[in-house]
Structure formats: C-alpha cells, structure tokens
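Copied over from TrEMBL:
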- 1-16: signal peptide (SIGNAL)
- THR42: active site, nucleophile (ACT_SITE)
- ARG70, ILE71, GLY72, ASP73, THR92, GLY93, GLN94, GLY95: substrate binding site (BINDING)
Amino acid sequence: MLSASVLLVNIAATNLQVDYNTRPIPKDDKTPAPSGDSQLGTVGCVSVDSFGHLAAATSTGGLVNKMVGRIGDTPIIGAGTYANKLCAVSATGQGEAIIRATVARDVAALMEYKGLSLKEAADYVIEESAPRGTTGLIAVSATGEVTMPFNTTGMFRACATEDGHTELAIW
C-alpha cells in the first residue's frame, strides 16, 4: 500500500510555431479583459492513489492555424493519454507524431513486456520512438515513481505529493 498520492500537471511549452505569415500587430494601450479562455497548450494530469489505482487525463490546446477538428488535436487513448495497472501517462506536443508513435501505450507496454522501470520506458519512448522536437509526457507508476521527460525545447510541468513534496519546471 502506498503512503502518498502523486498528482502531476502538464502544460505544453514547446516552441511556439506560427505557421502563417502575418504583419506585426499594432500596440494597443488598452488591455483586454480576461476571457478565461486559455490560448495555448495542453493540460494533462496523471495520478496514483494510496491503493495504487492509476488515472490519466489530457486536454489538448491544438496548434496555431490548423484545420479545426483535425485528429491531432484529440487526446486519443493509447496515443496521448493512457492508464493501466502499471502506469498512467499524459503526453503533449505535436499530435500527429504522438499518434504515430503511440507514446502513452508504448510506455506501459515497455514496462509490461520488457520489464523496464517507468523512467526507462518513458525515456526510451521520448528519445527513440517520438520524433525529436515533438513530444513530452508526464507519467506515474503504481508504486509512485514519477517521470516527466521531453524532447522539445521546454515543457511546463509540476508534481505534488501527499507528503508535501513539490516540483515545478520548464526546461
């Protein structure tokens, strides 16, 4: 039985890539009222409770100026989000690359079929499976091991445990 719960929050901080040409926006002295809508990024969460039960959730932010409804903006189970009895994973980055590499499920499969630790499995998927500069993930195992690897310039991520340990990082 675990003595701590782990909660992770992940917001993508990959390079902002503007995929269209635009003129500079004129400076406006008026500050717009906050609308409550986030403009960028993925928000993901993985957790384990004191009994070792795991859960993962992912909400994607999408890429700038891409076709609405494209499949890469969907947190597909097995690709960008996954949980089983061994681990919970939430991924962020370029959706199409994450789908092709089945990032989240591959972490669990490497643990299950190759006997790798969570860190070893996640590192392998990020460094060897997902194309460079496309992916980051947060993951927790049933025993409370936490890892947050990425192959992008940066990834906003945080970890908090029941015993008061906290971690916050970008690079």
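Glycine residues also receive a Cβ, built from the backbone N, Cα and C atoms like all the rest.
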Q | Annotated substrate contacts ARG70, ILE71, GLY72, ASP73, THR92, GLY93, GLN94, GLY95, maximal Cα-Cα distance (Å, integer) | A | 16
Q.
So if I draw a 10 Å sphere around the Cβ of THR92 (substrate binding site), how many other Cβ atoms end up inside it?
A. 31
Q: In whole Å, note down how far the CA of the residue listed as 'active site, nucleophile' lies from the CA of GLY72 (substrate binding site).
A: 12
Q) In the structure shown, which of the recorded positions THR42, GLN94 has the fewest Cβ neighbours within 10 Å? A) GLN94
Q. Whole-number Å distance between the CA of GLN94 (substrate binding site) and the CA of THR42 (active site, nucleophile)?
A. 10
